[in-house]
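Heads up: the structure comes next, in structure tokens.
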Amino acid sequence: MTGGRLVALLLLVAASLGLGQQPHPEPGLPGLQYSYDCGMRGMQLVVLPRPGRTIRFKVVDEFGNRFEVNNCSICFHWVSAEPQAPAVFSADYKGCHVLEKEGHSHLTVFIEAMLPDGHVEVAQEAVLICPKPGHTWAVGSHQVPPTTPSPTTPHALPFHLSSAHTFPIPLYLEHSLMLPTPAGPSLGPGPTPAVLAQVERWEVDKPDAVGSHLPQEWCQVASGHIPCIVQSSSKEACEQAGCCYDSAREVPCYYGNTATVQCFRNGYFILVVAQEMALAHRITLANVHLAYAPTRCPPAQKTSAFVIFHVPLTHCGTTVQVLGSQLFYENQLVSDIDVREGPQGSITRDSSFRLLVRCIFNASDFLPIQASIFSPPLPAPVTQAGPLRLELRIARDETFSSFYEEEDYPLVRLLREPVHVEVRLLQRTDPSLVLELHQCWATPSANPVQQPQWPLLSDGCPFKGDSYRTRVLALDRAELPFRSHYQRFTVATFTFLDSGAQRALRGLVYFFCSASACHPSGPETCSSTCSSRTAKRRRSSGYHDGTPRALDIVSSPGPVGFQDSHRQEPTLESTGSGRNSNPKPLLWVVLLLLAIALVLGIGVFVGLSQAWAHKLREGHRLTDQAQ
């Protein structure tokens, strides 16, 4: 026994001599105890701070610039620094500022020990080289070998995992999380170490994931059951979503006494934390919040038993990175400690808590999307007087699908044959503008004020003095982009008469219209009805009271000429409108009278001839008898 103690004492002395060979920090400044290890995917630096100190990490780039380290999925940096626990910095070999030199990964980290007032107590630079050149630990003032092997994942704090807590996908769920179990017994007084949830990639077609569910003790929710979001109400779908199922309850599928995360393809994830889990980890449920958006993204729902977060994948501090054909979305849920201040000190009974949430999606999947495109509002129109560009054209038929060109004029029409006229507003895209026709008329020349004239529309309505009234056509809403910019009407072909001789003027007819653009304002509208009151109100805009302004008048590209089917010019016996006369019956009457007169004349002539011949014969006979 004495020999064994002597051997142990000699070993301790040898170890002390070995430690004495290492460099010491400057006098009066405590050294930093740190170590690092190399894993399969990254490197990990562990620093043991003195009580009351916090550790801050900074990475150094190849030019010597220092950058403070935070949890960053883009740079593959993770930091964990909890009270009375080692400060851990993890970096992936593909992370930011990791340099490749001769087959080794080099990362320079600047370590600072911070006092409670924010000042730096001591700072030290550490160079991490993986794979390590040897198995010697980097040393500060004391050599502290690792007590446990480092995990290969970048999350270094101690945590407990159970494969039974993993649940497969619910509605649109791509991957699920390994949830933390209740913390084990504390090794000493004070707050317990932080518990960090580990994220595992869970393939959809993994056979042992189907049917996995929460332990029965986690489903003993006393009150305030929160319905779980699932695609169907079946037990299998509920359990695969990581929720509890009880057919005897009013809400058969509900969240259990744990932390449940559901990632949805439509752009958000749901995080539910139970009161029982908060008690197990010695935290206050009301103090749980998102780490990067504590005020902007509060819980969507709070009850006495649960806190529910509805987090968009693109907001609330959620980070995203692309690795191969996968998208990684990450966020963190933390809990602030509840501090009680007394007259001579402050205490807390809360532990620290940090839950890393990660949703993994396949970037190569084809998913349906629904997009709503909202056109920007049109600018407010400016109403003022100005020139209008109008066009009057004649259609080939009643469909108004094609129109005559300038080279087609003059057009030839039979009397009473319809002429299809369209007036439209050019170079205007304001849908609220309304084209209004005031007066439309016809003249025998290209001069709009030449006499004679015949009205087609009076105050926008068909002229009532015509037995063949102009027909104003309604426009189909679907056939024109700006329906209110068009006006159409149909005219029966006619010809002008010589007022003196009452004979048809064999000439051309030109069409004209006066128009304006109306813009509604306030309760007033631009719609008009063809009534006597409207005609009186708008009478002043017609050409009867004067010559209309040139900018308001539009004419047809060319004239329209009429053609009589019998190629003869009728002479009319009756007075009235040339359009009320029909030359065909009058012609037959004249011809009939001429025929009768001719027959009578011939009969009279023949009778008289025979009478004179009889008298001559009687005269000759009497003469012969006298001789």
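Cβ coordinates are placed from backbone N, Cα and C, and glycine is handled just like the others.
Swiss-Prot lists 1-20 with the feature signal peptide. The topological domain 'Extracellular' annotation in Swiss-Prot covers 21-585 and is backed by sequence analysis. Under the heading pyrrolidone carboxylic acid, Swiss-Prot lists Gln21. Summarising the annotation, Swiss-Prot assigns domain 'P-type' to 217-257. Sequence annotations record features per position, and here Swiss-Prot assigns disulfide bond to Cys219-Cys244, Cys228-Cys243, Cys238-Cys253, Cys440-Cys461 based on sequence analysis. For 262-533, the entry in Swiss-Prot reads domain 'ZP'. Annotated compositional bias 'Polar residues' per Swiss-Prot: 571-580, in sequence order. Summarising the annotation, Swiss-Prot assigns transmembrane segment to 586-606. For 607-627, the entry in Swiss-Prot reads topological domain 'Cytoplasmic', with the evidence type sequence analysis.
Annotated features taken from Swiss-Prot, shown on the structure.
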| residue | record | Cβ within 10 Å |
| --- | --- | --- |
| Cys219 | disulfide bond | 17 |
| Cys228 | disulfide bond | 25 |
| Cys238 | disulfide bond | 23 |
| Cys243 | disulfide bond | 26 |
| Cys244 | disulfide bond | 27 |
| Cys253 | disulfide bond | 24 |
| Cys440 | disulfide bond | 27 |
| Cys461 | disulfide bond | 19 |
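Under the three-state DSSP scheme, Cys228 (disulfide bond) falls in the coil class. Using a 10 Å Cα-Cα cut-off from Cys461 (disulfide bond), none of the disulfide-bonded residues among Cys238, Cys243, Cys244, Cys253 qualify. DSSP classifies Cys243 (disulfide bond) as coil under the three-state reduction. The two recorded residues, Cys253 (disulfide bond) and Cys244 (disulfide bond), show a Cα separation of 6 Å.
In sequence order, Cys228, Cys244 are the disulfide-bonded residues from Cys219, Cys228, Cys244, Cys440 with a C-alpha within 10 Å of the C-alpha of Cys238 (disulfide bond). Closest to Cys228 (disulfide bond) by Cα-Cα distance, out of the disulfide-bonded residues Cys219, Cys244, Cys440, is Cys244.
On the backbone, the CA of Cys219 (disulfide bond) and the CA of Cys243 (disulfide bond) stand 8 Å apart. Rounded to the nearest whole angstrom, the C-alpha distance between Cys243 (disulfide bond) and Cys440 (disulfide bond) is 78.
Looking at Cys440 (disulfide bond) and Cys244 (disulfide bond), their Cα atoms lie 80 Å from each other. Per-residue pLDDT, averaged over the topological domain 'Cytoplasmic' (607-627), rounds to 77.
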